[in-house]
């Protein structure tokens, strides 16, 4: 903004226009001074206009934010700004008055009597005073522009450039006209981006409200079903107690017929219990169907959000070209895959790949040991971090691709893990697919027990592995590819035994990892994967 103000001050002569005073004896001197000023002033290019406009816009935005904060609680700064603005207007009026005075003086009979030689020094002195007043007024105008918001700023800038266009000619006028067109285009782009961001924010709020309402409804339904079941169980228990008490009193005096009748009553009670047990699971199945529908809706919305992020990122990186991109849901429970977006790019399978965890601010992070495949299934440790995949092509060229944002957590997973933690121990059905790096010919069905002191893998009475939480144990998500990678976990039980286990669902896999890490943390043991060099305090803060 300072550069624009200075150029406007230089291009503004401060004299009469050519048509105002054609008979003034100082006309030749005025023309000579204007030519000298035109030679001394710096050329104002479109690039300078754009740079100065961006700097001024940033400064004006900061000033507007400061004024908005001050508007909430009156402060002396506001009074000072208003005083400066009023002073700027007074200066502007004073300048106009001086200009009119000079004009009338130029048309007076006394001025016509003076020769050009006698009037030149007087005119130069008047020009210096007028230029000083103009610069002072322009400084007040700049201070006034700095406290405006974006809309007022662009409007003020258009007015200043329009005034500048009226005072310059030739190539300078073309540059100013082009700058006006650029400002109009930038204003339209800003408005469009603001509308898009506002729409995206509104959609995200609607989605969050929808899922919050659905979660509340599901929780309320579960609580109602639990309360009804509890009431029915209590009523049944009371009835059983009454029947047992009556039986104890009449056992000695009952006849054979009465005993048969009592046996029939017992059968009817058992049948009623069986019918009740068959009826309750139907409600559970209905709730599971509703929850599955909500999960599908969440998955669809997640894909839409990721797509919007990619479009926004592409708009920010306009002009930058790449050959690969990440596809998949950027959340816990999803799977990411590197795909080609350019037919002329090298096949992904021929590239050397390394996945990294990167902090949002770029201050921390590191490579993920073993994650060298085009596919990667995020694990709970990745939540809140950016993921970056580095590709090294056969010709030693490199390219890096990032997720559009930090990975999101799986909805409801924290509450599920909290319930398992309060229970004290949990069993998970697993399939053993690899042992010590060797793929088994046929997956083996086993049970994985995770409790407060150890992890155990067994089937029936046969125990395959049983280890307490120590620094030797490692547990993390599978870091290779495959369709079951998001349901698989890698467990190093001891120095001579490593296992690859596949659970029934992504939720079970992530819950097993989080539950084991929480139990291990209570034993002062950090339970992560190989070479996970991330701050333990930061990770512990994210564990449920």
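Easy rule for this one: first residue shown is 1, then count along the chain.
Every residue gets a Cβ built from N, Cα and C, even glycine.
Automatic, uncurated: that is what TrEMBL annotation is.
Since we're looking at a predicted model, the values are computed, not measured.
Annotated in TrEMBL:
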- 1-27: region 'Disordered' (REGION)
- 28-72: domain 'Stomatal closure-related actin-binding protein actin-binding' (DOMAIN)
- 84-126: region 'Disordered' (REGION)
- 92-104: compositional bias 'Basic residues' (COMPBIAS)
- 146-312: domain 'Stomatal closure-related actin-binding protein coiled-coil' (DOMAIN)
- 219-275: coiled coil (COILED)
- 324-422: domain 'Stomatal closure-related actin-binding protein Ig' (DOMAIN)
- 426-532: domain 'Stomatal closure-related actin-binding protein PH' (DOMAIN)
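Assigned with DSSP, the residues of the domain 'Stomatal closure-related actin-binding protein PH' (426-532) fall into helix, strand and coil as follows: 20 helix, 55 strand, 32 coil. Per-residue confidence over the domain 'Stomatal closure-related actin-binding protein actin-binding' (28-72) averages 58 (mean pLDDT, predicted model).
As a summary of secondary structure, the domain 'Stomatal closure-related actin-binding protein Ig' (324-422) carries 16 helix, 38 strand, 45 coil according to DSSP.
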